[in-house]
Amino acid sequence: MLLIRCPYCEEERPELEFRNAGEAHIARPTDIAAISDDDFEKFFFIRANPKGIIYERWRHVHGCARFFNAVRDTVSDKFVMTYKAGEPKPSKLPGVSK
Amino acid sequence: MSGAFRIGNAGRLTPARTARFTFDGKTYTGVEGDTLASALLANGVHLVGRSFKYHRPRGFLSAGAEEPNALVEISRDSARKTPNVRATVQELYDGLSAKSQNRWPSLSFDVGAVNDVASPFFSAGFYYKTFMWPKSAWKNLYEPNIRSAAGLGVAPDQPDPDHYSSRFAHCDVLVLGGGAAGLAAALAAAETGVRVIVADEQAEFGGALRFESGARIEDQDGWAWAQDVVARLKGMSNVRVLPRTTAFGYYAQNFVGMVERVSDHLADPGHDVPRERLWQVRAKRVVLATGAIERHMVFADNDRPGVMLASAARTYLNHYGVAVGRNVGVYTANDSAYAAAIDLKKAGVNVAAIVDLRDNPSGSLIDQARAAGIEIHDGRAVTRVGGKLRVSSMTVQPKNGGGERTIAIDALLMSAGWTPSVHLFSQSRGKVAFNDDKRFVPGTYAQDCVSVGACNGTDGLAASIDEAYAAGAKAAKEAGGKATKGNKPKVDADEIWSRGMLGSAPGAGPDTTVKAFVDFQNDVTAKDIRQAVREGMRSIEHVKRFTTNGMATDQGKTSNMHGLAIAADMLGKSIPEVGLTTFRAPYTPVTFGAIISHARGPLFDPTRRTPMHGWAEKHGAVFEDVGQWKRAWYFPQAGEDMHAAVNRECVAVRKTAGLFDASTLGKIEVVGPDAAKFMELLYTNPWEKLEVGRCRYGIMLREDGFIYDDGVVGRLAADRFHVTTTTGGAARVMNHMEDYLQTEFPHLNVWLTSISEQWAVIAVQGPKSRDIIAPLVEGIDMSDEAMPHMSVREGKICGVTTRLFRMSFTGDRGFEVNVPADYGQAVWEALWAEGRKHDAAAYGTEAMHVLRAEKGYIIVGQDTDGTVTPNDAGLDWAVGRKKTDFVGIRGLTRPDLVAKGRKQLVGLKTKDPKIVLEEGAQVVDNPNQPIPMKMIGHVTSSYWSENCGRSIALALVAGGRDRMGETLYVPMPDKVIEAEVTGMVFFDEKGERLNG
């Protein structure tokens, strides 16, 4: 069972309290009704499935109930960092080379 | 005397404290502190089981958790039966009852042993190759017969009456293994003041000190030192000492699963203590001190009872005071077996000879053996043993061939060397490295852990304790401990042995006739592994699966390295090139009881009951499970079956009125200055202009345009909506709303509150509904003019706050009375009393389903399946055409969603009105087409409608709305049913009864 740091509660809590909510940093287009089929496909259906660093959303569903973002390594399953919803994608990751 | 093989002055048990037990019905006497294995050996019993496949007689190989052979059934009573218990770890208690397994009619005469004679037919891959055709025979003929002939223990056939417990724990340093290294590490960590947990699978700590008679630490015997350290650790408030606790799984982020056997060793555990306790421990640092496991020698008939690991014989002698024979032989490829021979010799057991595969072995142990007068045959191999139910002789031959010599023995001690126990390290995703000593040892670490002592490939007590003490102190410091104040334990006398051999010895061939076992529990021989390579297996993963080597419940603790070496030899590759198979949890078998703990029976999943549950129960309701809810399904009266009860309930609702418990509906309050804007975005309908006090049926889509949920929404104030959801959708709709509010529309000033549990809901439906409610209501004008269909009012009922909805899920005049949950049953009873005056009925979910289907009202999740759009469901009217945005607006215009020929929801009327279609049945337009037919849709809802006097059904049919009046067909196994496509409304098509 993973330990996940909730950026709102500011502490590490067991995975049981959380639920994954898919890839992060996919914003709903503000003019969604007007976008092309291709753009809608990219927005709604296409997801990255990287081996390594993934940016994803989690919800502290059995805690503060907030959605937040996390950076996780899909190989080691380790959480690199977590940050609040709405904050920009971090450009530098702690402890990750490249 | 507790057994003829008990040696008076040896061992640590107290002979006077006897315990009686039975094995296969015969009564024996052992001593407190014995294992079942040591007690049986003390009585001269070596034959304890039959093997998995060949039914060969088997004895004890080991004295510990790695035991592959001595599996027995332990039973306390008819329900408390545990199969496949390793006799080597089962502690003896007075009255213990054990039984051998996999034999018939008896252990010494087993009919199944014919498999041993017929074994040329049962080679590796036999089952895969033989039982292939016909395919159907596998399920009915081959598998049941193979399963009854093979296999070990028999699963208990009654529910487990024992109880189990579960605990979570956190610590700074978790030490796994309580031998010399583990204790030194635990001591070093504990002295810094950090929180330490130290666990060991045995009843007593000490590990290999149990048998290492040559060890002296801090001026005392090694075992005594270990007990001394344990006593000190137990006295420290920052340390938890867990004996009888096996760490079986090492998971992500230093999360370790352990099972503590709390009462399996007690004669009378009583009912207050659990049988086992599951520990789920999160540690900042883990110290792995899991030791090493001795390997057997691979030669012909090496599985005969009496042939065992040298360390096991030494353990039985030095700890339990039991001699495994009176005239033992030794076969070894490393020094440690010499120590066993010397100890046995000193205890008065004759050592017939030591056969050493090595040429000219040297060292102090060899010198000591010679000095003790033990005959040593070096450069020689034991090529086979004599005896059937017990070993009687060993045949010795120079390893490169030459004259044979047969030596009489009654036990054979063997040692091919020691395999570091890297199981937990490997489970932690660490990568092992193959070192110069030909051992797999921890290489690259993946987690915050460290291996010390024998499991790290460190030889010798002094080196192990040095390494472990330093590692314990370092782990504690990394976990935030102070600098250690203690001193490293001083080792005064040591035993060092390393090296050994991997793979098969000369006695393992030729392949045609010889059985030299690699994996005892799965009956895998050296020949099987060679054959697997000859038949084309190249990867060790394939060899393993083809031969099943290492796949038994002992997970190849003694066999993996031998199997790997034999395969590598055949392939002409080095061992690391062939690779090591992956270690997986659990390290040793774990009971289901420990894992599920209290989560069984009614505690398996929460049961949700509505506030009116008790009333429904008292009035004879039959309940159905809807998710976690118990819902009243129907209320049968005397002599009624379900059909009759549902018909009566349906008729009563339309004739007078019915009361229905709708409390399970999901309810969410959407509040705030931007509440209407939020509703506009989350639902297809327009909300800004909905008047306060009015209701609207809302549809929620996912972004892809498919229906996600629906429900009636009431506007209580300009900034307050009372939203209802489907029963099953309550939690996910709340999650869906929160997701959008928090991440996509955070600019909206809105609060969401789940109020599902706060409000009980009593639906009163039917022409007399207003007459039933009105006398109990204060402060609400319920006239049609003041409170039309689809409106909501706040006031009081029976003196209690109510949100009174006028709405209908039956098509008749109807109300839903919301009251605070605590008053649900009281208000229900008051309404019921009024209802009785009008001949109203209580109705359940089945009648509710029929009544809504009569009106073509859909149920999301039954008539829709996640691929249905509002248009498909005939609900286009509920989509706000002028809206510029809502979740799903773009999805609705996807090419596939606007294409012609989509499945649309329609009604179906069977030509024979008495036939009720089956829900889920497929629909075709030409019943005479060849099979497989083209299916154009399926039935989603289907009922007998007493009000319509016929069956009714809803179905999703391709191009359904263009097929009105067409005849379609529903093929069933025994007949084809004709049905006409109709509209979805079967009753009161004009909708006049809403105000009736």
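Backbone N, Cα and C define each Cβ position, glycine as well.
Computed from a predicted structure; not experimentally measured.
TrEMBL annotations:
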DOMAIN    B:172-441  domain 'FAD/NAD(P)-binding'
DOMAIN    B:515-595  domain 'SoxA A3'
DOMAIN    B:612-883  domain 'GCVT N-terminal'
DOMAIN    B:903-988  domain 'Aminomethyltransferase C-terminal'
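Counted as Cβ pairs under 8 Å, contacts with the domain 'SoxA A3' (B:515-595) are highest for B:172-441 among B:172-441, B:612-883, B:903-988. Within the model, the domain 'SoxA A3' (B:515-595) shows a mean pLDDT value of 92, rounded to a whole number. When the domain 'SoxA A3' (B:515-595) is classified with DSSP, helix, strand and coil residues number 37 helix, 5 strand, 39 coil. Residue counts for the domain 'Aminomethyltransferase C-terminal' (B:903-988) under DSSP, split into helix (H, G, I), strand (E, B) and coil, are 4 helix, 41 strand, 41 coil.
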